[in-house]
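In what follows, a single structure is set out as structure tokens and then discussed.
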């Protein structure tokens with residue numbers, strides 16, 4: 001069984017007020033924070049690195065941390081980097097809860113999955129729009145999550161690509177218990193497409209951080225996903 005998860009992308013936040021912005025979206029109903037790490041090599045943009053994650057972890061403790069009364073969240077680190085193997089340990093040390101690497105960035109994805117899991121966090125694999133979904137079929141049984149990009153990775157604020165939804169549908173059909181994430185252009189207008197295809201983890205940047213009513217946007221997207229999962233008999237009974 002899977003559950004609906006909304007993961008606001010901090011790439012769309014006001015970095016001058018990152019702690020406050022993250023607390024706001026968590027208080028509005030977000031369980032995860034999606035942290036886009038770009039190195040200027042695998043993708044043309046450069047965003048943030050381990051020091052930011054380390055500092056943000058102090059501001060946003062892990063779920064289950066009973067020593068802090070601050071809003072808590074799961075850190076979903078989307079690693080748009082060359083040679084992702086080199087970055088596993090440092091991101092684990094600095095607070096990552098999940099390490100999502102790109103299939104296109106590694107020569108041995110299964111060994112990388114094993115490395116990530118050996119460090120005690122979740123392993124996920126992402127594919128670019130031009131990458132066929134079937135490359136994930138052999139790897140998926142070892143993954144905690146698969147990510148189907150619905151924009152070209154590298155920059156926020158791009159237009160949603162609905163033609164990526166057959167990839168999501170194919171993954172959901174073959175792996176009904178797998179967390180399946182979509183990333184790029186998600187908001188109120190596009191969430192029905194993602195939910196219907198079978199995605200349960202929704203990355204949303206501008207549509208959440210720039211919303212006048214963040215709780216309304218998050219609830220709307222979560223409800224769409226929840227209704228579809230329930231209709232398929234896949235909804236986590238705890239929801």
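Backbone N, Cα and C atoms are what each Cβ position is placed from, and that goes for glycine too.
Annotation comment: Swiss-Prot describes 9, 78, 154, 155, 156, 157, 183, 184, 185, 205, 206, 207 as substrate binding site. Long-range neighbours of residue 185 (substrate binding site) (same chain, six or more residues apart, CB within less than 8 Å of its CB): 150, 151, 158, 159, 160, 161.
Long-range Cβ proximity for residue 34 (divalent metal cation binding site), meaning a same-chain Cβ under 8 A and a gap of 6 or more residues, is found for 7, 8, 9, 10, 11, 76, 78, 183, 203, 205. Residue 34 (divalent metal cation binding site) falls within a strand segment according to DSSP. Positions annotated as divalent metal cation binding site by Swiss-Prot: 34, 36, 78, 183.
According to Swiss-Prot, the feature active site, proton acceptor maps to 36.
Neighbour count (other Cβ atoms within 10 Å of the Cβ, all protein chains): 27 for residue 183 (substrate binding site). For 183, the entry in Swiss-Prot reads active site, proton donor, with the evidence type similarity to another entry.
Shown are the binding-site residues 9, 206; the one with the most C-beta atoms within 10 angstroms of its own C-beta is 9. Annotated divalent metal cation site 34, 36, 78, 183; additional same-chain residues within 8 Å of its Cβ mean position, judged by their own Cβ, are 7, 9, 11, 35, 76, 100, 147, 203.
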